[in-house]
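Shown next, in structure tokens, is the structure this report addresses.
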Amino acid sequence: LVLSLAWLGPALGGEDKDEEVVEEEEKEKNEDEVLSDEIEEEDNVLVLHEHNFAHALREHQLLLVEFYAPWCGHCQQLAPAFAQAATELRNESSPARLGKVDATAQKALATEFGITSYPTLKLFRDGNRTHPLAYTGRMDSQGIVRWMQRRAGPSATLLQDTDTIAAFVNSQDLVVVGFFKDLRGEAAQAFFELAAEMVDLMFGVAEAAELFQAYGLSADTVCLFKKFDERQTNFPVDPARGLDMAELSQLLRIHSLQLVMEFTNETSNQIFGAKIPHHMLLFLNKSSSEQLSLRDSFRAAASGFRGKVLFVVVDVTGHGADVLPFFGMTAADAPTLRLVKMENNRKYQMEQDNFSDLAIRTFIQAVLEGKVKPHLLSAEPPEDWDTRPVKVLVGKTFEKVAFDETKNVFVKFYAPWCPHCQAMAAAWEELAERYKDREDIIIAEMDSTANELENITIHGFPTLHYFPAGPGRRMVEYKSTRDVETFSKFLENGGTLPEEPPVSEVTEQPPCPGQSPAPAG
């Protein structure tokens, strides 16, 4: 518009610009100023967009960029930690800097870097914008700083003599030292790469023959030194396979944990981050000396299961009080034992608690061999569970209602604290009201935090399943729009949605991580 009016101006015989043209040119000038290649900062975080992104990559050797959405709660939660990390790195004169891009406004950048969820963090090194590295660290200021520091300098400290390595080993509760005959070889390079990822551990590296001899080694070996349990754990490098980073990472995670962990605020990330498939839990009251003595036999049972089962002591009067509802327990139930299969949260318990190390080992082995049925939680059914439009199911009543061959049953599995569940509650009630007089349709709900089912595992909330009438125990997961009209079409069409003509294009906001994408609409 501005260009066309400027071209017409002389032909019309006027030299003065009219008010509208001046306003348009001023607007264009302001936009150019905002979107120049100059880089502004907010709390030491570079504010990046399409016009200054290349400039930022040229100026900064290491640039960690957060792609965010202003409306995303996870992004808002990360912002103070991200700014604090940016400030710490700036204050220590690190070559690493932090930047941010509003991916909802800078769509070209979001498309170029494949941004599908928020926040997404990517590291750009040496100005290369074609192969950014995905951020793999913790989402707190200390985690971000450590992750960047490992990439700004050597990821492992070179240890050249016995005094240096002894001081390094004694400097922390846990340190990792790689002994390699050739620091330029493939195994050593993989070790350096692993050290850059595992920022919560200190890594050193040694090449001198005298150091191999001092620690009883003859070939390339990674050693974990710790001030608890066994003091030195060796992981020899297989000459044929080389150093498998994923395998070594898991071994270091497992052996970095104490043989028996105590569940606290400080250890919870370690416990769940180790990805050990089963957790054996001893619930006790630490104020009772009699209950505390049970830890000895619990520890004695643990050594044979390292890597397969993590043994954890849970104080029911301390940090562990918060997890008791997950097990359907109260503090009065202590002392007691539970085994949890982590992939599906199935819980197992002894018919009668026996705290001897032999009994614990025998019980665990039976669970691992599939000889013990899971212990399933169930609330008591409310007296009026079937008098309201939405029928209230519990673990004890689910089978009878959901698999009634004469009924089509539509069930919402929810968590009371879930905001998505709360948002669709009114629609679910309205749906139930609409079908309350239909003998063949039941609209129901079940609190999945208080009730568990043997053959159905709920991974997110809300989850909607339809159980059609007839034989066969069939189940259909509903994955479409959560509104009354779409629910109704689904029911009237026998548990499927009628095919609709294709829509030209629908642009949806990517979900924040940690939640399922909300269905369109």
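Even glycines carry a Cβ here, placed using N, Cα and C.
Per TrEMBL, the features are as follows:
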COMPBIAS  510-521  compositional bias 'Pro residues'
DISULFID  C72-C75  disulfide bond
DISULFID  C418-C421  disulfide bond
DOMAIN    3-153  domain 'Thioredoxin'
DOMAIN    367-496  domain 'Thioredoxin'
REGION    492-521  region 'Disordered'
Disulfide-bonded residues (C418, C421), the one with most neighbouring Cβ atoms at 10 Å: C421
Inter-residue C-alpha distance, C75 (disulfide bond) and C418 (disulfide bond) (nearest angstrom): 19
Count of other CB atoms lying within 10 Å of the CB belonging to C75 (disulfide bond): 22
Residue distribution over DSSP helix, strand and coil in the domain 'Thioredoxin' (367-496): 35 helix, 26 strand, 69 coil
Cβ-Cβ neighbours of C72 (disulfide bond) (radius 10 Å): 20
Mean per-residue pLDDT computed across the domain 'Thioredoxin' (3-153): 81
